[in-house]
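Quick look at what TrEMBL annotates:
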{"type": "DOMAIN", "residues": "15-262", "note": "domain 'Nodulin-like'"}
{"type": "TRANSMEM", "residues": "16-36", "note": "transmembrane segment"}
{"type": "TRANSMEM", "residues": "80-101", "note": "transmembrane segment"}
{"type": "TRANSMEM", "residues": "108-127", "note": "transmembrane segment"}
{"type": "TRANSMEM", "residues": "147-168", "note": "transmembrane segment"}
{"type": "TRANSMEM", "residues": "175-194", "note": "transmembrane segment"}
{"type": "TRANSMEM", "residues": "214-232", "note": "transmembrane segment"}
{"type": "TRANSMEM", "residues": "244-267", "note": "transmembrane segment"}
{"type": "REGION", "residues": "282-318", "note": "region 'Disordered'"}
{"type": "COMPBIAS", "residues": "282-296", "note": "compositional bias 'Basic and acidic residues'"}
Amino acid sequence: MVRFHGKLKALFNSRWLVFVCAMWIQSFAGIGYLFGSISPVIKSTMGYNQRQLAILGVAKDWGDAVGFVAGSLSEVLPTWGLLSIGAALNFLGYGFLWLIVSQRLPAFPLWVLCICIYVGTNGETFFNTAALISCVQNFPKSRGPVVGILKGYAGLSGAIITQIYAMINSPNESSLLFMIAVGPSMVVIALMFIVRPVGGHRQVRPEDNSSFLFTYSVCLVLAAYLLGVLILEDLLNLSQSLITLFAVILIILILLPLIIPIILVFFSEPTPSAQESLLLEAQREEDGKSEQDKTEVILSEVEDEKSPEVDSLPASERQKRIAQLQAKLFQAAADGAVRIKRRKGPVEERISH
């Protein structure tokens, strides 16, 4: 039992679980892609013309584009704070829009609806920022695949939400607005304490290639499946039971990447202690790389001319020796007459005044 609890803790702190949950958030984060689905009911219910509908579309685009607020807050707030703000904006904006369109509230001017759709869509920027920051920090050596997969799921989110809505088969067309207001917010609140930067090793591991390949495959299969289902629903008059079956298969495909962290935590062999120490050392070297790059030229001169016995010193003592030599070089350069004689032995400095 103790070991099982340890495995659960390891699963909760797994960077792959964070990545999978971020994919789920992105699967419901592309709210702006659904404007084409909700605009007809807004137009018919509110009696808007095409020009007024275009103004609403511009407000939606502004909400989707203004992401500097989320980016600025990410410097001072934890990831769950960003996600909670995004969920609140999404719920309030589209929730109020649903109340107006469903005529549960009296009709408001167009500018009020513009504010609602701006606020609701702006919540998407908080979802994207939190998911991307967490996963990029957890996979610093695989930024490209991580960002590409997350943006791919965000692009599919409109079709995913539409297919799940088709399973509900609500007679009220405005209920899609209610689903947009409630659905993404519920998913984000359920996952906001999981999606975060986690500790542990962030180096590339042997199993990462196969895990990313599996994730790519699931994403491609999901996209092809959604395309095929939407084409079938457009060409044929499918029964509601068949549409429900398609939606269930869709949910299974969305949940399928959860296999990766489960296998890595519960069924993979424990990493040997020697390999763990090597990964820790590689992580420490990576963390100090930016500082070392500042003096790359000078350190390369010193490294080329250091004596063989310097290599046998401990890492801390070796860095101390190099720092002392570097300080002497700076002082000599300030005096305007430094000359380094290259040879196989130690560094010799001849300062001629």
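Note that Cβ sites are derived from N, Cα and C of the backbone, with glycine treated the same way.
Note: TrEMBL annotation is automatic and uncurated.
Note that the coordinates shown come from a computational prediction; the quantities given were computed from them, not determined experimentally.
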Positions whose Cβ lies under 8 angstroms from the transmembrane segment (16-36), at least six residues beyond its ends: 56-57, 60-61, 63-64, 83, 90, 94, 120-121, 123-124, 127-128, 130-132, 134-135, 138-139, 146, 149-151, 153-158, 160-162, 176, 180, 183-184, 187-188, 191, 194-198, 211, 215, 254, 257-258, 260-261, 264
For the domain 'Nodulin-like' (15-262), mean pLDDT (0 to 100): 92
